[in-house]
Every structure is written in C-alpha cells, then in structure tokens.
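J.: Residues or ranges marked as active site, nucleophile in TrEMBL: Glu108. Sequence annotations record features per position, and here TrEMBL assigns active site, proton donor to Glu202. Taken from TrEMBL, the feature compositional bias 'Low complexity' applies to 239-254. Feature annotation from TrEMBL assigns domain 'GH11' to 22-215. What TrEMBL records for 223-263 is region 'Disordered'. Under the heading signal peptide, TrEMBL lists 1-21.
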Amino acid sequence: MFYLATSVIGFTAAIANVAGAAPQPLFETRQNGFMIQNWANDYAEVNFNNNPGGAFNVTWDNNPGGNFVVGKGYRPASDMLFNYTGTFKVNGWAYLALYGWTTDPLVEYYVIESMGQHNPSDNASATQYGTVDSDGATYEIWQKERTNAPSIIGDHTDFQQYWSIRTKMHCGGTINTGNHFRAWEAAGLKLGKQNYMVMGIEGQQGSGEADITVGVRPTIAVPETPTSTYRSVRRTSTKRTSSTSTRRPATTTRVDTVPTRAH
C-alpha cells in the first residue's frame, strides 16, 4: 500500500510534523550537488535532519494515517550507479527505497531495498511482471494504478506506480538504476522524462529510525534477510501471464549494462 505520491520536495535542517499540523510548504533545495526531499501529511510525527554531504537521518512515530517521505539524491534522475550506506530500523510499516518520478507518462517508482512489516505488493490491485536480477540480487517487478491522487504535477491525478522489490532485504550497496528502468520497459511498463530520484524513507503507521549517506558505498559486508512474501487473504496479488494481455507476461530479466556514472 503505497499511498504517498509526493507533491512536496524540500528541506529544513530539522523538522517535526505532528498530528493535525499542516504539511510542509512546496519548495526545493539543493545542497552540494544533492537534491533533498521532505514531505509529510497532517498526521505524521517525524524528525528529519539534513547533514553534510549526502547524509541525512530521520526518526518517526506515526499513528495510523501518518505518512511521510524524506530522502536525498539527484535531479534530474538518470541511468547511474547509485551508491548508499547506512542503517534502517523499523517497527511497523516503512520502506527504504530508491524513489523517483517521471512525467509524460506520469510514473511514481520505487526500488525497495528493505521494509518493515508490510510488503507493498500485498494489494488487491497490484500485478507482478516477473523479476529482474541486478547487483547480486533478485527483485520482483510490480505495478499498480493510482487514481485521483496527489503527485508532482497536482493534487488529483492518475498515474502508474512501479516497484522493484528486493527478495533479500539489506541496507547499503549499489543500485544500478538503468537495470530497473530497462526491466520495467521490457515488461511493458513505460517511463517518461526523468524528474528526480532520492534514496528515501517512506514511513506509515509505526515507528523507526534511519541514518543514510548517499554517494558512499559500505566498507564492510552488509547483512541480508529474506523479504516477507506474506499475502493477506483479502489482498492476494497475482502474476499476469495471459498472452492476450496488453502488457508482457511475467518473466525473469537479466540486465548487465553498466552506466558510466557512479554516485
């Protein structure tokens, strides 16, 4: 259940949103080549701290209905080796993901590296389009439609959500962004003009903390844990395999093209 869709991009050195408070105003800040995202709804309780270079940290304790997305990255997004390191601890619903948008078509996308108690593919309207192998891991490819929802171009818009969900969770490493872009396109999930891309934390109900640095790879081995594949009875997602579908059936995509840029 990804019901965010950020319409706010911004930064404050330290910010707290409490239940009943207004969302942050619309503005964008770049710092030393990094683009900062900071969005929260009325019900989120979150502290986001922008630190030197590519570093940031965040703590949160949300009641049901709370939702925020914070992070740091680049604008415009591109086919690159996206490096990051840090820690991510969650009790409840939250995601650690490479997060971005395209326009024409309007698409909100995630490359999910770790999560809390909820797998976002556990949604009745989500459809799987196979898997992609990249950077020593396998990711499931999922798609879902959003209607009359806020986005980077307005408060009431229709758009697609694409997710690559890592089958073994970790925090820290390199994400070959182009591998995911090409795998989505090969599955019939079209992208538009790239807008921005951050290593982000999305927090919904529950609590947690994260300390992330963008542009730096881990210096030690990063532990992995299996991603939950639990599907609730009422929200069972299915693979689309019909040959009559307008989109391609679920497949495994292997992509090895390495871009020239690394961050």
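Cβ from N, Cα, C; glycine included.
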J.: Measuring Cα to Cα, how far is the residue listed as 'active site, nucleophile' from Glu202 (active site, proton donor) in Å?
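T.: That separation, Cα to Cα, works out to 13 Å.
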J.: Can you work out the mean pLDDT of the predicted model over the domain 'GH11' (22-215)?
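T.: Reported value for the domain 'GH11' (22-215) is a mean pLDDT of 91.
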J.: Using a 10 Å radius around its CB, how many other CB atoms surround Glu108 (active site, nucleophile)?
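T.: Counting Cβ neighbours of Glu108 (active site, nucleophile) within 10 Å gives 23.
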